[in-house]
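For reference, TrEMBL has these:
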TRANSMEM  6-27  transmembrane segment
DOMAIN    36-244  domain 'TLC'
TRANSMEM  39-61  transmembrane segment
TRANSMEM  110-129  transmembrane segment
TRANSMEM  135-158  transmembrane segment
TRANSMEM  170-194  transmembrane segment
TRANSMEM  214-233  transmembrane segment
Amino acid sequence: MGIPSFQTLTLPTFFFFFVSSYLLAYFRIFRNWDPKHRAEASSCFISLTHGTPAVFMAIHALTTHTSKSPSPPTFSSPNTFLHNTVLEFSISYFSIDLLHYLIFFPNDTLFILHHLATLYVFFTCRFIVHHGSFALLVLLILAEITSFCQNVWTLAGYRKADLPVAGKVFDLMSLPFFAFYTIVRGIIGPLFVYKMGVFYITQMAGDSIPVWAWVSWMIVIVTAILISIVWVFDHWIDWFKRRKAMNKLA
């Protein structure tokens, strides 16, 4: 097992960026919101500053080949500098959002455990194993490509009761967002994770990724996929119930 090494300033720089973004959202952008939604909206804001940029950063990292990165890359390829930069960007975001939940919503066990598990996977890949980032960046893209829609939809949901335009945005976005989320998290994601599992189980990773690492990563990833499927399934049920109620009133 390697010893974690912090060789660049990107991690503290990203950490400062997300702290600043959260404080800007909490004390300026959402300062007039009620306390509960003010904190939740601030979390959505830093998720917006992370999600879409992370997608483009990951795509750039995956499509930029160096002498250290074989072509085509595999699930056990060594991390490149760009791969590590994306991992540090996401580590910083999840660290700040974890602090948000610990301070404002300490009883939200599911989100806290999710963030801790995600940080574990990214941290061990970046600072201990130094291999396997290719697969994690693909999963990061799949996880964050829906981020913009989800955060706008969530913010609209917070204000739909007192702001008519927010209610319209919420209703308008629900169907396409759920459909997009279902395709990405319910179909593409599981197929990719299945390929990962086959790769690791058949020992194609060799000695590049220790067994303890890929087994624990797969447990976290599969659990996250299942939770995402349950989440969107529950929202589909709620959406159909609301549509049925609206049709009765029409």
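First residue shown is number 1, and so on along the chain.
Note: Cβ is positioned from N, Cα and C throughout, glycine not excepted.
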Under 8 angstroms, Cβ to Cβ: which one of 6-27, 110-129, 135-158, 170-194, 214-233 has the largest number of such pairs with the transmembrane segment (39-61)? 135-158
Any chance the transmembrane segment (170-194) and the transmembrane segment (110-129) have 3 or more Cβ pairs under 8 A, given the pairs are 6 or more apart in sequence? no
Overall pLDDT of the domain 'TLC' (36-244), taken as the mean: 93
